[in-house]
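The block underneath contains the structure these notes are about, expressed in structure tokens.
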Amino acid sequence: MERRLVQGGAAGRGRVRVSFLQSIRETLAMYSELGKIKLGSMVVITTMAGYYMAPFSSFDLKRFALTSLGTGLAVISANTFNHIIEAKLDLRMVRTSTRPLPSGRMSSTHATMFGVITGIVGPALLMARVDNTAAALALANIVLYAGVYTPLKQMHPINTWVGSVVGAIPPMIGWVAVTKGKLDLGAWALGGLLFLWQIPHFLSLSFPLKEDYARAGYKMLSVTNVDAVMSLSYVFSAMLLPLGFVSSYAGMTSWVYAIDSTLCNGYLLWMAHKFYTRRDTTSARKLFFASLIYLPLQMSLMMLHKSNHPVSAAAVATPSLSL
């Protein structure tokens, strides 16, 4: 009998341990959903690219890691507040109804605490260990995404352009982390690339989801003016064409990049042209997937053709525009 009691106690402890570990995994999974980790990872990669493209005499791995971590925490915070604000509306959409808050798997108080902590720690880390301008940009990203973009989704289609500004900021954070607050032409070229790219990327994504957005009450362009979705996807894809030359002119890349970039831009423009002429879900999805390939390819080419010119410490430390 004593032996059975010992065995039973060991089995019970084992079940408690498994249950505890499972609870931790489920909680971490919910945090991952709140922070939109997959999307957030892509955003942090643009910050890393911005850091690498900035002029430096030697690569500071520690500063690079701290910049990436601080930006990542800020992105997680912004995404968490987005979930909190849209929890009730998410119930109306098929693709968002199973998120932690609308599904009841996490309380809004728990999510708010998580958003506040990551929103404080991220910018604070950047301010203490990286650069004040980087911290200010990260904080601006949280405010713009959660405080402006998210409410605007229920009010006006201009929300897409506000969201594009939000997406343009992370590579600029990487840039100023190296240049100590200097927002020069290279930083704006990176921001411009992300801003312009996001318009055809998101509009082509929203086109097949227009009924879902309408059901939830979102004033997306695909709901309010579906014809403009095709036209603006085409126009903003065309606006990407000169950016390769801007990067080369700014001294960020060799002129070979201008050629490679034009080929990439030409392909995206061709997909946007098909969407503009065919106006169907199939062409919208093709443009969306082309945009997913476009951004990492474009940034990889940019890093491949980076100009290896030495920059003095004095030149880096002198800001042309800083926050």
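Even glycines carry a Cβ here, placed using N, Cα and C.
What TrEMBL records for 39-58 (among others) is transmembrane segment. Residues 64, 67-68, 71-72, 75-76, 79, 167, 170-179, 186-187, 190, 194, 252, 295-296, 299, 302-303, 306, 309-313, 315-316 of the same chain lie 6+ residues outside the transmembrane segment (39-58) yet bring a C-beta within less than 8 angstroms of a C-beta in it.
Positions annotated as transmembrane segment by TrEMBL: 64-85 (among others).
The transmembrane segment annotation in TrEMBL covers 106-128 (among others). Note on the transmembrane segment (106-128): residues 30-31, 34-35, 66-67, 69-78, 80-81, 83-84, 87, 100, 134-136, 138-139, 142, 173, 177 of its chain, located 6 or more positions outside it, place their CB under 8 angstroms from a CB of the stretch.
The transmembrane segment annotation in TrEMBL covers 134-152 (among others).
According to TrEMBL, the feature transmembrane segment maps to 159-179 (among others).
Residues 46, 49-50, 53-55, 160-161, 163-165, 167-172, 175-176, 179, 213, 220-222, 226, 229, 232-234, 236-237, 239-240, 243, 246-247, 249-252, 268, 272, 275, 281, 284-285, 287-288, 291-292, 294-295, 298-299 of the same chain lie 6 or more positions beyond the ends of the transmembrane segment (185-207) yet place their CB under 8 Å from a CB of it. The transmembrane segment annotation in TrEMBL covers 185-207 (among others).
Taken from TrEMBL, the feature transmembrane segment covers 228-249 (among others). Sequence-distant contacts of the transmembrane segment (228-249) (same chain, at least 6 residues past either end, Cβ-Cβ under 8 Å): 185-186, 189, 192-193, 196-197, 199-200, 203-204, 206-207, 221-222, 255, 257-262, 265-266, 268-269, 271-273, 275-276, 279, 287, 302.
Feature annotation from TrEMBL assigns transmembrane segment to 255-275 (among others).
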